[in-house]
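What follows is a set of notes on a single structure, which appears directly below.
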Amino acid sequence: MNSKCHCVKLNDGHFIPVLGFGTAMPSELPKSKAKEVTKIAIDAGFHHFDSAFVYNTEDHVGEAIREKIANGTTRREDIFYTSKLWCTSLHPELVRSSLECSLKKLQLDYVDLYLIHFPMALKPGDENFPVDEHGKLLFDTVDLCATWEAMEKCKDAGLAKSIGVSNFNRRQLEKILNKPGLKYKPVCNQVECHLYLNQMKLLDFCKTNGIILVAYGVLGTQRYNGWVDQNSPVLLNEPVLSSMAKKYNQTPALIALRHQLQRGIVVLNTSLKEERIKENMKLSPEDMKVLDDLNRNLRYIAGGIFEGHPNFPFLDEY
């Protein structure tokens with residue numbers, strides 16, 4: 001399987017490719033690298049690109065997409081582009097202007113999917129991570145239902161084909177789903193999900209409510225300093241994964257990706273080495289169970305800088 005023709009239907013009728021390419025760049029690389037890897041990814045068969053305002057790569061990603069459209073490699077309607085609303089713009093009056101800012105950087109007319117990046121508001125302003133004189137993040141309070149109504153207006157205006165959320169727990173999803181006058185349900189919830197954090201209960205809840213789970217960090221995340229505990233285990237070194245890779249004559253990464261896809265999850269990948277997942281390769285139910293049992297509720301991106309925020313999502317069971 002590659003991402004060319006494999007999609008799942010969202011609850012608003014649009015389709016999302018099951019395999020996406022992440023465009024966040026490690027801090028040690030220049031942001032301009034995003035243009036290069038996006039062009040390579042398009043050539044490799046990717047159609048689904050995941051980005052965000054806070055990644056500071058949207059101008060480069062947009063340039064890559066436009067160049068590939070201009071030379072006939074792809075068409076805009078064959079690209080599925082996701083952007084995300086950052087925490088400093090959760091006030092409803094800031095939502096549309098933030099999306100328009102992303103569109104201006106991209107030089108595109110619309111995004112295919114627009115997500116609330118985190119359910120935690122930060123003080124609005126020019127800084128993505130505003131802090132006080134002691135270096136502590138400046139939290140803000142916003143009604144997520146009001147933010148969601150502004151997201152719905154972006155969809156109605158044609159600026160986003162679909163709208164969803166990211167890093168929401170069950171309680172926060174329920175708040176949106178139970179909102180009086182809800183016009184559009186979130187089409188997805190993008191969360192960290194991998195063999196060590198399989199999100200079984202959250203996945204079941206999302207499926208029950210027609211919400212697709214989109215997984216980042218499927219291979220254990222890039223080990224960003226400041227965000228990821230450098231002492232945490234390396235997922236791809238898991239012995240069970242290694243032995244299963246030998247059994248199926250695949251790489252450990254492809255086994256990890258296939259496991260999530262067979263669970264009905266849309267997966268984001270940042271490695272161009274793993275862009276092709278053999279269509280005829282399927283894990284047996286017994287092996288799926290073995291991989292399910294590797295769960296240890298280990299969160300690589302624990303969001304520690306947000307701890308203490310009233311909307312911090314990772315204290316609930318799911």
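In case you wondered, yes, glycine gets a Cβ from its N, Cα and C as well.
What Swiss-Prot says about this one:
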- Tyr55: active site, proton donor (ACT_SITE)
- 20-24, Asp50, 166-167, Gln190, 216-224, 270-280: NADP(+) binding site (BINDING)
- Lys31, His117: substrate binding site (BINDING)
- Lys84: site 'Lowers pKa of active site Tyr' (SITE)
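Everything Swiss-Prot records as a feature, shown here on the structure.
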{"residue": "Gly20", "record": "NADP(+) binding site", "DSSP (3 states)": "strand"}
{"residue": "Lys31", "record": "substrate binding site", "DSSP (3 states)": "coil"}
{"residue": "Tyr55", "record": "active site, proton donor", "DSSP (3 states)": "helix"}
{"residue": "Lys84", "record": "site 'Lowers pKa of active site Tyr'", "DSSP (3 states)": "strand"}
{"residue": "His117", "record": "substrate binding site", "DSSP (3 states)": "coil"}
{"residue": "Gln190", "record": "NADP(+) binding site", "DSSP (3 states)": "strand"}
{"residue": "Leu219", "record": "NADP(+) binding site", "DSSP (3 states)": "coil"}
Restricting to the recorded positions Gly20, Ala24, Tyr55, Lys84, Gln190, Leu219, which ones have a CA within 10 Å of the CA of Lys31 (substrate binding site)? Ala24, Tyr55
Using Cα positions only, nearest of the recorded positions to His117 (substrate binding site) (Tyr55, Lys84, Leu219): Lys84
Winner by Cβ contact number (other Cβ atoms within 10 Å) across the binding-site residues Ala24, Leu219: Leu219
Recorded positions compared (Lys31, Lys84, His117) - highest count of Cβ atoms within 10 Å: Lys84
CA-CA, which of the recorded positions Gly20, Ala24, Lys84, Gln190, Leu219 lies nearest the residue listed as 'active site, proton donor'? Ala24
Relative to the Cβ of Gln190 (NADP(+) binding site), which residues of the same chain, six or more apart in sequence, are found under 8 Å away? Asp50, Leu115, Gly164, Val165, Ser166, Asn167, Leu213, Val214, Ala215, Tyr216, Leu268
Quick note, Gly20 (NADP(+) binding site) and Lys84 (site 'Lowers pKa of active site Tyr'): C-alpha atoms separated, nearest Å, by 15
For Leu219 (NADP(+) binding site) and Lys84 (site 'Lowers pKa of active site Tyr'), determine the Cα separation and express it in whole Å. 22
Around the Cβ of Gly20 (NADP(+) binding site), the count of other Cβ atoms that are within 10 Å: 27
Measuring Cα to Cα, how many angstrom lie between Lys84 (site 'Lowers pKa of active site Tyr') and Ala24 (NADP(+) binding site)? 12
